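Q: Before we start, here is the structure in question, set down as structure tokens.
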């Protein structure tokens, strides 16, 4: 192909599409269709991760609140060997035996209660029965008994029969009630229970002082629900509470408060005794009933 002006052959510029066949010398046909490459399938991009600030809100996992261990249960009172059917039969013995069992009824009560007065009552009922028997045997018939001996015989019979019955019902609860030993055992069990409460409260305070302050361990001057067994936090209670400790007096309590205002706080019963110049014999009692929270 010859170029314009007789120059060399025509060559399209590099990168320029040549005209279609038959249109090299003229203007390009705007209606000429060019081949179109087939459409390529669209590729789906994976979703972009959202920035941290645009992530959906999810509440943080809730932490379970700390629940302190429940204090040991107080010992339940033991069932008392109170009056029962046997005690009723015992009290009815004088009535059912027409008074002849009265001395034995009172003798049983005297031995069980270790009572000299009940022993004298047993002897009196025995004498009343003996008097009644002697008077009856002294006369052939009741019509021959004079008024004086007859009155004594009637009094002896009525006393050993009806009087002893009433007497037995009066002392029945004393004879068949709770013994002193069982009451003492319950008192010892309760004291041991209170000591266990104090030990548990001390362990909790050592492990978690903030929880101990929230539970108001050692603060009997404040309303609370936790039973610490009677502990007293010497570092925070007023003087009137310290004065209630065993061996303490109002004067010693005021002395402790003044020293506390100076030194700040105490760490043990020994530290308290040394700093406040307390009698040495008070240290064991203070160690038993006091606690020292920061």
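From the backbone N, Cα and C atoms, a Cβ is placed for every residue, glycine too.
TrEMBL entries are annotated by machine, without manual review.
In case it's useful when we look at the structure, here is the feature table from TrEMBL:
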type	residues	note
COMPBIAS	47-80	compositional bias 'Pro residues'
REGION	1-84	region 'Disordered'
TRANSMEM	88-109	transmembrane segment
TRANSMEM	116-135	transmembrane segment
TRANSMEM	147-170	transmembrane segment
Q: How about long-range neighbours of the transmembrane segment (88-109): same chain, 6 or more residues beyond its ends, C-beta under 8 Å?
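A: Beyond its ends, the transmembrane segment (88-109) has Cβ neighbours at 115, 118-119, 121-123, 125-126, 128-129, 157, 159-162, 164-165, 167-169, 171-172, 174-176.
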Q: Which sequence positions outside the transmembrane segment (116-135), separated from its termini by at least 6 residues, show Cβ-Cβ distances below 8 Å to it?
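A: Residues 94, 99-100, 102-107, 109-110, 145, 149-150, 152-153, 155-157, 159-160, 164, 167, 171.
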